[in-house]
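See below for the structure under consideration.
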Amino acid sequence: ADTIVAVELDSYPNTDIGDPSYPHIGIDIKSIRSKSTARWNMQTGKVGTAHISYNSVAKRLTAVVSYSGSSSTTVSYDVDLNNVLPEWVRVGLSATTGLYKETNTILSWSFTSKLKTNSIADANALHFSFHQFTQNPKDLILQGDATTDSDGNLELTKVSSSGSPQGSSVGRALFYAPVHIWESSAVVASFDATFTFLIKSPDSEPADGITFFIANTDTSIPSGSSGRLLGLFPDAN
């Protein structure tokens, strides 16, 4: 199975797999059962911003999700990613729908990673930024139902021609280039990711959520991972 570290913006509480009984932000380390969660006041039809950061000195992974004009939600978890992830990874966004559904629209996405070694400052820095997404993106690997639309948005899950979200959908977008996330000689390894998103739903209970994830470079969508597994894990263990 893939090695996955993820931040989930989980819109639907699947209490049978350990979710709290409300929409939440969670940090997932190699399992859909989050290590840390915080209640998320999800606002459908409004653009939100998610910011994820990590550095190897504090060994803390933090996510902040906010909507303009309202308070933000923060979740963090202390973890040494050197012990979890391979040295080279890919970073991506995933989303799913299930019985209930929602649009999982990404409007922008940026990422910066830095490795500081004693010898050369920032010798290994990687940065990318999408303010809009082209129709046939050369710099993204689209998996499952993920597509880019004529408005320059990334639709992670299936929408009809009229823009209505479809159920039982799973899609992911990964940056094409592998990222050197850590190395043994690095003094500091850090990364920051930011994406803006829009979730809309005709259902009173939208589902299932969006994630930012880091995985081994040959990662693929596990079969049967739509709905509560958020396109990341083959099972709920």
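Just so it is clear, glycine is given a Cβ too, placed from its N, Cα and C backbone atoms.
For the Ca(2+) site, Swiss-Prot gives Asp10, Tyr12, Asn14, Asp19; the one candidate out of Asp208, Asp218, Asp235 that the record lists there too is Asp208. Binding of Mn(2+) is attributed by Swiss-Prot to Glu8, Asp10, Asp19, His24, and the same site annotation extends, among Ser31, Ser34, to Ser34. Take Tyr12, Leu99, Tyr100, Arg228, the residues named in the record as contacts for carbohydrate: the widest Cα to Cα gap among them comes to 11 Å. Ranked by Cα separation from Glu8 (Mn(2+) binding site), the binding-site residues Asn14, Tyr100, Asp208 are led by Asp208. In this view, Leu99 (carbohydrate binding site) is surrounded by 12 other Cβ atoms within 10 Å of its Cβ, with every protein chain counted. Taking Asn14 (Ca(2+) binding site) as the reference point, the binding-site residues whose C-alpha atoms are within 10 Å of its C-alpha, out of His24, Ser34, Leu99, Tyr100, Arg228, are Arg228. You'll find the Cα of Asp208 (Ca(2+) binding site) roughly 6 Å from the Cα of Arg228 (carbohydrate binding site).
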